[in-house]
Amino acid sequence: MNNSLIVRQLGLQDYQEIWHKMQDFTDTRNAETQDEIWLVQHYPVFTQGQAGKPEHLLQRSEIPVVQSDRGGQITYHAPGQQVMYVLIDIKRHKNLNVRQLVTALEQTVVKTLAEYGIESYPKPDAPGVYVDGKKICSLGLRIRRGCSFHGLALNINMDLNPFHYINPCGYAGLEMCQLADFVNQDEADWDNVSAKLIKHFADLLGYNITTL
């Protein structure tokens, strides 16, 4: 297995632009293409997954709504949220299927939050990561030609109010939370969190990291 993982820090980006770049990367990659993680924040946007239903958008606003090709229902992205896109060739990994990749992503977040003294957990019937019943991390993937794209969105220090305009991930009344609810502002640091996410994901899947 090629165990190299390229990590790209992309900063603040338009959702649709990055989405189409993920599609292009996945469509043109071959057996020699190294796996990559893209770390990004997005301008405010609601995204509907393939299972998304219009009724889960409760209130229209100036925030755009984009129909995406990832799994899952509607969610919200905005600055202050760490989005980690996972572009990997699942076929390279022995005994790794889509469900196990989802589990690895959830455990990446659980282990990251544990470093801040936060006890979090996944739910078997609702992908993502939760703290005291509130959702702190959303997750949705797309698999094409045995390769993944899309990934996870971990709330760090953002305006959570627009989540009230939707049923997050299709669940009415689901409350959202973020890292800044549990630690001081200095600890809710973008670079610190992203470094921990990368480390734990790489450790779980046996990668060597190259940061670009």
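Heads up, the Cβ atoms here are built off N, Cα and C, so glycines get one too.
Per Swiss-Prot, these features apply:
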DOMAIN    31-209  domain 'BPL/LPL catalytic'
BINDING   Arg70, Gly71, Gly72, Gln73, Ile74, Thr75, Tyr76, His77, Ser138, Leu139, Gly140, Gly151, Leu152, Ala153  substrate binding site
SITE      Lys135  site 'Lowers pKa of active site Cys'
ACT_SITE  Cys169  active site, acyl-thioester intermediate
(Q) Cα-Cα, whole number of Å: Cys169 (active site, acyl-thioester intermediate) versus Gly72 (substrate binding site)? (A) 7
Q: Could you find out if DSSP has Ser138 (substrate binding site) as helix, strand or coil?
A: strand
Q) Does Ser138 (substrate binding site) have same-chain partners at least 6 apart in sequence with Cβ under 8 Å from its own Cβ, and which are they? A) Gly72, Thr75, Gly128, Leu152, Ala153, Pro168, Cys169
**Q.** Cβ neighbour count (within 10 Å, all chains shown) around Gly72 (substrate binding site)
**A.** 23
